[in-house]
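For His187, the entry in TrEMBL reads active site, proton acceptor. Annotated NAD(+) binding site per TrEMBL: Asp42, Asn105, Val129, Gly130, Asn131, in sequence order. Marked as substrate binding site by TrEMBL: Arg92, Arg98, Asn131, Arg162. Taken from TrEMBL, the feature domain 'Lactate/malate dehydrogenase N-terminal' applies to 6-152. The annotation domain 'Lactate/malate dehydrogenase C-terminal' is assigned in TrEMBL to 156-324.
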Amino acid sequence: MSEPLRVLVTGAAGQIAYSLVIAVARGEVFGTNQPLDLLLLDIKPMEGVLNGVVMELQDCALPLLNSVTPTCDEPVAFKDIDVACLVGSMPRREGMERKDLLAANVKIFKTQGNSLHQYAKKTVKVVVVGNPANTNAMIRSKYAPSIPKENFSCLTRLDQNRAQSQIASRVGVKVADVRNVIIWGNHSSTQFPDISQAQVKVQDKLKDVRSAVQDDSWLNNEFISTVQKRGAAVIAARKLSSAMSAAKAICDHLRDWWFGTESGTFTSMGVISDGSYGIEAGLVYSFPVEIAADRTYKIVQGINIDNFAREKMDATKNELIEERDLAISVCED
């Protein structure tokens, strides 16, 4: 076995983390031969719940779990970490404007960016989950200048998984038979789920999604809005936000980053734009990416963007520009 991997989960007393930490500790992300040191960070009022999570992890008797450290102290949590799952954020409360939520969370993520800069390994891989995830990832990168920008990402794999599930259900195949759905843009209701490159295996033959679904009206309307609004639909049904599915998506995101994407396939990640597809450089925007075995990714190039796609890609870009400008103004206050 190799040296233990130091993995941080923030918001560790919350419901997403409750599903996430057990999957990570069982080897579902970094492999069944990789020992782990788990660092679990949450705020002081959640310390009792956090200690309960630790007790449960201990009681699971997990062979890969070398150590587990609960803490409310950022220097302890971020010290020499290899991977950061930044799940925790202030939830939106009734009557709270979106800009107020953004302002509250940006201040949190500014301090966490500083902690990454000061304490984490410079090779750390960061996935931001707490909303607004794209802009929060951008702020963390801004305040962690010693860590390469390509080491920062935000979660849009949940949106990809939702899209693939909708298509699989419509065609009547397994989710594993759907590949190369793209999520462009922001992890918000402006995101664009794009099936232009997607394929479905039907009776052992690959078909493009439009040919398999045979319903352009559904693909151009209901499919897109269902994926965009799925999070709100879950909240309406559960009275709680997505947790189990979010944790699964974090695992998928990190596993692909750690081991690479399969040949002929790509995945969606929110990454810092290099200007590809007319998206302003520096924005954290969801692109299709291919990931190599050395954990480096590249944005998939050469995808034809028609007028329908361009309009939707620009709408979500414009929302991200607005978020970025507000976030920077808050940080500079």
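Glycine too: its Cβ is placed from the backbone N, Cα and C atoms.
TrEMBL annotations: computationally assigned, not manually curated.
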Inset, instruction - Looking only at C-alpha atoms, tell me how far the residue listed as 'active site, proton acceptor' is from Asn131 (NAD(+) binding site), rounded to the nearest Å. - result: 8
Legend entry - Recorded NAD(+) binding residues, Asp42, Asn105, Val129, Gly130, Asn131 - maximal Cα separation rounded to whole Å: 16
Legend entry - Per-state residue totals over the domain 'Lactate/malate dehydrogenase N-terminal' (6-152) - DSSP helix, strand, coil: 67 helix, 27 strand, 53 coil
Legend entry - Per-residue Cβ crowding (10 Å cut-off), top of recorded positions Arg162, His187: His187
Inset, instruction - Measuring Cα to Cα, tell me the gap between Asn131 (NAD(+) binding site) and Arg162 (substrate binding site) in whole angstrom. - result: 18
Legend entry - Long-range Cβ environment of Gly130 (NAD(+) binding site), under 8 Å and at least 6 residues apart: Thr10, Gly11, Leu86, Val87, Gly88, Ser89, Asn105, Phe109, Asn136
Legend entry - C-alpha spacing of Arg162 (substrate binding site) relative to Val129 (NAD(+) binding site), in angstrom: 16
Inset, instruction - Return the residues near Asp42 (NAD(+) binding site), defined as same-chain residues 6+ apart in sequence whose C-beta is under 8 angstroms from its C-beta, sorted by sequence, else 'none'. - result: Thr10, Gly11, Ala12, Ala13, Gly14, Val49, Leu50, Pro70, Cys72, Gly88
